[in-house]
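Q: Pasting a structure below so you can have a look.
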Amino acid sequence: MNNYLRKLVEGQHLTEEEMYKAGLLLLNENILESEIAAFLVLLKAKGETAEEIYGLVRALREKALPFSNHIQGAMDNCGTGGDGAQTFNISTTSAFVLAGAGVKVAKHGNRAVSSKTGSADLLEELGVNISSTPNEIDYLLEHVGIAFLFAPAMHPALKRIMKIRKELNVPTIFNLIGPLTNPVNLETQFVGIYKRDMLLPVAQVLQKLGRKQALVVNGSGFLDEASLQGENHVVILKDNEIVETSIEPEKYGFSIVKNEEIRGGNSKENAKITLGVLSGEKSVYRDTVLFNAGLALFANGKAKTIEEGITLAAHSIDSGKALAKLNLLIAASNEKLERVN
């Protein structure tokens, strides 16, 4: 590890292979916590490259729980977190809208790290059992159309690093790579990131991971979601080509909504917001979810245009299908799925 730390101190980038090997060392129980913390802070100070991100993703996926990966067409819409905006759980709420529109959603997530309520906290409050095994997750994806992958359970080797991340209390490379380490073999992905300068590197990593289509967004105000506040910077991966562009919410009929207007709270407060959106209540929360789910449906290919994606998202909610997916997941995740274990 000393060689890698020395390179980072000197401001040098690591190669993909060096980062892969460093990643395996980070997951080794014999490494000192001080070395892990130093590595994360130095890497953040230098700035992460696509090669470094992909190298670490390789190491983490190698050490993750094994999946059969027989499920075809799965998508994730997990964001990086780390924007400090304290918004409600936009991507988790949107996941049920996607599922209601017919997308298989493998939602990878965690408890709160830099926010009040993480996706796991919200789902637990709603009554979802977040402790599903890989076999159970496969079952849920096939029969319910949505499953939650609790990151610490999927990546047991990360236990010590999670503790150090919490103590550091600043975004690290692990915020960036969270959405990239989903152990399910995804075909498409919608990723919100808090660092605008990482849009292209993250898209390049998604390309290396073999995604058929993907959309990476940095929202107005550096939100790790698409924002109704103003211009959103976007990178689209399609047909193995990467295109950089920007998206204005007004073009799609939305009113401007400041990011402060969609702040969330604790898990109970955020659960109330999510249930309100899925129940069809008109609000700035609903509009934010429609925008994000619409973009995700476009990224998935379920919709040919963003406009069509927003229309499909609205139908998923207003038909009751999105809320039905939540209720199905609550019921199925709490069953004794002995037949699949």
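Quick reminder: no glycine exception, Cβ is built from N, Cα and C everywhere.
The anthranilate 1 binding site feature in Swiss-Prot is assigned to GLY79, ASN110; the stated evidence is sequence analysis. Annotation source Swiss-Prot lists 5-phospho-alpha-D-ribose 1-diphosphate binding site at GLY79, 82-83, THR87, 89-92, 107-115, SER119, citing sequence analysis. Among the features that Swiss-Prot reports, Mg(2+) 1 binding site is placed at SER91, GLU225. Residues or ranges marked as anthranilate 2 binding site by Swiss-Prot: ARG165. Positions annotated as Mg(2+) 2 binding site by Swiss-Prot: ASP224, GLU225.
Quick one: where do these features end up spatially?
A: Proximity of GLY79 (anthranilate 1 binding site) to non-local residues of its own chain (separation of 6 or more, Cβ distance below 8 Å) is seen for ILE90, SER91, PRO179, VAL191, GLY192, ILE193, ASP224, GLU225, given in sequence order.
In the three-state DSSP scheme, ASN110 (anthranilate 1 binding site) is classed as coil. Neighbour density for ASN110 (anthranilate 1 binding site): within 10 A of its CB lie 24 other CB atoms from the protein chains shown.
The Cβ of GLU225 (Mg(2+) 1 binding site) has 31 neighbouring Cβ atoms from other residues within 10 Å, across all protein chains displayed.
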Q: According to DSSP, which of helix, strand or coil covers ARG165 (anthranilate 2 binding site)?
A: helix
Q: Around HIS108 (5-phospho-alpha-D-ribose 1-diphosphate binding site), which residues of its chain at least 6 apart sit with Cβ under 8 Å of its Cβ?
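A: Correct list: ASP76, CYS78, LEU149, ALA151, MET154, GLY178, PRO179, THR181, ASN182, VAL184.
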